[in-house]
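As written in TrEMBL, here are the features:
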{"type": "TRANSMEM", "residues": "6-26", "note": "transmembrane segment"}
{"type": "TRANSMEM", "residues": "47-64", "note": "transmembrane segment"}
{"type": "TRANSMEM", "residues": "70-87", "note": "transmembrane segment"}
{"type": "TRANSMEM", "residues": "94-114", "note": "transmembrane segment"}
{"type": "DOMAIN", "residues": "99-140", "note": "domain 'DUF1648'"}
{"type": "TRANSMEM", "residues": "134-155", "note": "transmembrane segment"}
{"type": "TRANSMEM", "residues": "167-185", "note": "transmembrane segment"}
{"type": "TRANSMEM", "residues": "191-209", "note": "transmembrane segment"}
Amino acid sequence: MIIEIVLSLLLIALGAIFIVVPFKRNRIFGLRIRSTYESEAFWRRKNRYFGFFLLITGLLLLLFVDTAYYSPFLLSAILISFLAAYVEEKSPIITPLAIFALSLLTYLCAYPILPEQMAIHFTGLQADGWGAKTSYLLAMATLSSFIFLVSVFVARFREDVLPIMNGSLLLLLSLNAFVISAQFYGEQLIAFGYLSLIILLMFITHQYLTKIRISGVER
């Protein structure tokens, strides 16, 4: 259990470093794929992008500490993160696809360990509504699928709105993670769910700023 917690925190720390620290191109530390060596801007963009998914993976891994699903989730999430970073520049749909894939992975791994009846509605820090885990996770998967399908449409016809769709998928993933964590670690953890709105605003702002920077470089 301690090793799993340490590994999760390590991924969170690495993700934060990749996002925040503007380290230069090198052959020792960072996401070292061919496209990252094309320019300093590409290096920063790819590593920041990869760091974002490492950070999410580390946080989600805390849900599966001391369960049989820790390793499968870790390996699958790292693979999703790497593939997303590798092909990210090829299509705007990669980001929502990667977040959607992490959401489905979370639902699949959480299903066996959740109680049959779980708290699904909270007022303040108190649970006041319960429901079957199957119904809850199916509803979350359906909503995630709908947002992803809208993202596919938006990526084709209204790419300027895509950061909002990406943020919506991330918001749903965050809220679901806090609901799941509240089943195991106490209802008080749902307080962090209210921070999801702040995460949403920060993510959307970051996405738009990235688009502006990329447009400036291309010009």
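Even glycines carry a Cβ here, placed using N, Cα and C.
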Do the transmembrane segment (47-64) and the transmembrane segment (134-155) come close, with at least three CB pairs under 8 A (pairs 6 or more apart in sequence)? no
Limited to the domain 'DUF1648' (99-140), I'd like the whole-number average of pLDDT. 88
Comparing 6-26, 70-87, 94-114 for Cβ pairs under 8 Å with the transmembrane segment (134-155), the winner is 94-114
Please give the sequence-distant neighbours of the transmembrane segment (6-26): residues at least 6 beyond its ends with Cβ less than 8 Å from one of its Cβ atoms. 36-37, 40, 43-44, 47-48, 50-59, 61-62, 65, 74
